[in-house]
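Input: a single structure, listed below in structure tokens.
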Amino acid sequence: MGNGLWFVGVIILGVAWGQVHDWTEQTDPWFLDGLGMDRMYWRDTNTGRLWLPNTPDPQKPPRGFLAPPDELNLTTASLPLLRWYEERFCFVLVTTAEFPRDPGQLLYIPKTYLLGRPPNASLPAPTTVEPTAQPPPSVAPLKGLLHNPAASVLLRSRAWVTFSAVPDPEALTFPRGDNVATASHPSGPRDTPPPRPPVGARRHPTTELDITHLHNASTTWLATRGLLRSPGRYVYFSPSASTWPVGIWTTGELVLGCDAALVRARYGREFMGLVISMHDSPPVEVMVVPAGQTLDRVGDPADENPPGALPGPPGGPRYRVFVLGSLTRADNGSALDALRRVGGYPEEGTNYAQFLSRAYAEFFSGDAGAEQGPRPPLFWRLTGLLATSGFAFVNAAHANGAVCLSDLLGFLAHSRALAGLAARGAAGCAADSVFFNVSVLDPTARLQLEARLQHLVAEILEREQSLALHALGYQLAFVLDSPSAYDAVAPSAAHLIDALYAEFLGGRVLTTPVVHRALFYASAVLRQPFLAGVPSAVQRERARRSLLIASALCTSDVAAATNADLRTALARADHQKTLFWLPDHFSPCAASLRFDLDESVFILDALAQATRSETPVEVLAQQTHGLASTLTRWAHYNALIRAFVPEASHRCGGQSANVEPRILVPITHNASYVVTHSPLPRGIGYKLTGVDVRRPLFLTYLTATCEGSTRDIESKRLVRTQNQRDLGLVGAVFMRYTPAGEVMSVLLVDTDNTQQQIAAGPTEGAPSVFSSDVPSTALLLFPNGTVIHLLAFDTQPVAAIAPGFLAASALGVVMITAALAGILKVLRTSVPFFWRRE
């Protein structure tokens, strides 16, 4: 080296001597002297301040031997990303006293050059005293980057030249919530700890799981070691560049995304980094670290004062939460409130099930039905609870050293279900663009578990007959989320839905939790193939039939009962001892093609079934409307309609009719009836008579053709057929509507017994799903587009006469009779008198 040249600093020494279990920090001694020097350097005055180190040219030895390895592909574009680490090398950044005019050299030294060298005799002998072993920290901010002006310029330029992620830190500095952890309740006052394995309980390997273990899933324990990802070293980079990189021991990741949003949660030992971004809102980030840890904020490079910590609530007994976002106090208050609530979730419990239960309830919250389209505050709350449930699940599993089989399957199933609800119901995602992945299992163990679950699904479908186990088989296929699993259970799921529909037509009320759960997962596995691409003809036919039967199961009475059941369940759930699991309260209306459940007539029906309560009428009406709107949006997948009912979205002349369908009835493989409040320009149209002119109903038979015509509905008392064995009604749909414009039912005639029942007409005193005591009109829709009016099934209004009116009428008749009798008596007395005068 020349006399005028002296080297002064190393910001990061990326050396890994075997298994290193700690992060070390070194501060350049001249750091404080160089605080103001970073303002002097500009790499590109057109785009702003950007510092980049020089790298040797590999083609120019001898310095070229220290060039970055080719696999890193370090360029001026990739250098700012700080992806400098390579396992076979250690990197050294060398700067001079001329910094920042001289940006320094980034050199790479192969580790083989450093290992096995003889000791340097000029250096003092190493001490023989072994240092006291310290446990590796769970979270370690890499302050080496903070304490070097060169790195500070790089990170600050990225945070402040590109964008300012936290323009108003005071808006994100808020007090702790009411239900977060305290000194007396370090896990939160409402926390219900997850179950722990009993002393001596056996840990079952996943390769030995059988149906008996599924029967006893709540007492079957799996060892965490080998099943979940082992904690590994990882450098977490804040996407907003608002803080410095953080060294963590990662345990997995949760990712949810679609065409309109992306959520990514990185889990670690006592760490979570959650990023939520949407097309309709600025991105937000939540970082959870141990209580004694602090994350420094990246400050303005023009500010001589060092920046403080990231904003967020004060630290708790176990964790400290930091909140990042571009929200200001002038923004929408609901967005700030939602972000504050998300920041409190990690300190409100340790049980994943409580967070999933709260997320399901949040989906049906009052503002869930307030408006259509994306709702960032609701999406933030849903995904915040979803991510926190994963954080709690992983932490509890590692802390206990074991995980319950029912908890493992429950977490995987409910998190997937909630991800779909959040994406479609709150973010406005297209249904066929949603993707979801939870990477908390060891890759090898995951493959073994999936293979075993696939085998158990096949065994359940082959051997078992109970509805509960079949529902569990569909749930396992839903967890596996693979085409082979869906194809394996699809025939059984379709048969189950047909069987439940037959019981419904026979008068059985399908209200038990196991029936709801079976319908939920059976409907899910039949609808799922369209997400993987274009469904096959068999998949489309199964899905169309399941949608038709779900619509048939969703009568007006069922819709009102569903609303009442959800209200009761939500009011009863405390998310501690009583949890709210949506599949146990699933309604076929949510998987149907009925989009009219939020209309006023249905709201009144639901309110009529409400039990006595102290809840004000206005609040009850708002809750009822919110639940109905949520059910309608849940069912209304535009992508699902395009995939399975393409004739309903067929465009003619380059444009589709701007008419919102109220009900779709896929009656054949390529034709559907649609109910609307306005006429459609194509198809065979019928105007339904006897309906309030303010809410008219139009029925249209649609195919892929663009021709349009209108017909009149033919009236018949009963269907007359020539062949008593085959009445020709199988495949038709029985539809009933009221004068108020409410479609009460659309029932599929799918068996000979059902068609015989319709041909015979209603029976006095015999209850039937085809009868009603509400004034209404009955139609029969045929697969060929013909519609007839079944007069025998109509219900005519009966005049209601008050008892007082009847008594007054009877008294009037008696008085009139008495008056007539008196007149006759007078006449009889007077007639002889007239005769005498003559």
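Keep in mind that glycine also has a Cβ here, set from the backbone N, Cα and C atoms.
Sequence annotations record features per position, and here Swiss-Prot assigns topological domain 'Virion surface' to 19-803 based on sequence analysis.
Sequence annotations record features per position, and here Swiss-Prot assigns N-linked glycosylation site to Asn73 (among others). Listed in sequence order, the same-chain residues six or more apart from Asn73 (N-linked glycosylation site) with CB atoms under 8 A from its CB number zero; the list is none.
Annotation comment: Swiss-Prot describes Asn120 (among others) as N-linked glycosylation site, evidence class sequence analysis.
Same-chain neighbours of the region 'Disordered' (174-204): 213, 218, 220-223, 312-314, 316-319, 340-341, 343-344, 347-354, 392, 396, 400-402, 404-405, 407, 575-577, counting only residues six or more beyond its ends whose CB sits under 8 Å from a CB of the stretch. Under the heading region 'Disordered', Swiss-Prot lists 174-204.
Per Swiss-Prot, N-linked glycosylation site is recorded for Asn216 (among others). Asn216 (N-linked glycosylation site) carries neither a helix nor a strand DSSP state and counts as coil.
Other C-beta atoms found within 10 angstroms of the C-beta of Asn332 (N-linked glycosylation site) number 12, with every protein chain shown included. Annotation comment: Swiss-Prot describes Asn332 (among others) as N-linked glycosylation site, evidence class sequence analysis.
Annotation source Swiss-Prot lists N-linked glycosylation site at Asn437 (among others). The Cβ of Asn437 (N-linked glycosylation site) has 12 other Cβ atoms within 10 Å, all protein chains considered.
Residues or ranges marked as N-linked glycosylation site by Swiss-Prot on the basis of sequence analysis: Asn670 (among others). Sequence-distant neighbours of Asn670 (N-linked glycosylation site) (same chain, 6+ residues apart, CB-CB distance under 8 A): Glu647, Thr703, Ala704. Asn670 (N-linked glycosylation site) falls within neither a helix nor a strand when secondary structure is assigned with DSSP, and so counts as coil.
Look at Asn784 (N-linked glycosylation site): DSSP puts it in coil. Cβ neighbour count for Asn784 (N-linked glycosylation site): 12 (other Cβ atoms within 10 Å of its Cβ, all protein chains included). The N-linked glycosylation site feature in Swiss-Prot is assigned to Asn784 (among others).
Positions annotated as transmembrane segment by Swiss-Prot: 804-824.
The residues of the region 'Disordered' (174-204), classed with DSSP into helix (H, G, I), strand (E, B) and coil, number 0 helix, 1 strand, 30 coil. DSSP assigns Asn332 (N-linked glycosylation site) to coil, not to a helix or a strand.
Taking Asn332, Asn437, Asn784 as the glycosylation sites under consideration, the smallest Cα distance to Asn216 (N-linked glycosylation site) is found for Asn437. Taking only the Cα positions, the spacing between Asn437 (N-linked glycosylation site) and Asn332 (N-linked glycosylation site) is 31 angstrom. Across the fold, the C-alpha of Asn784 (N-linked glycosylation site) and the C-alpha of Asn332 (N-linked glycosylation site) stand 53 Å from each other.
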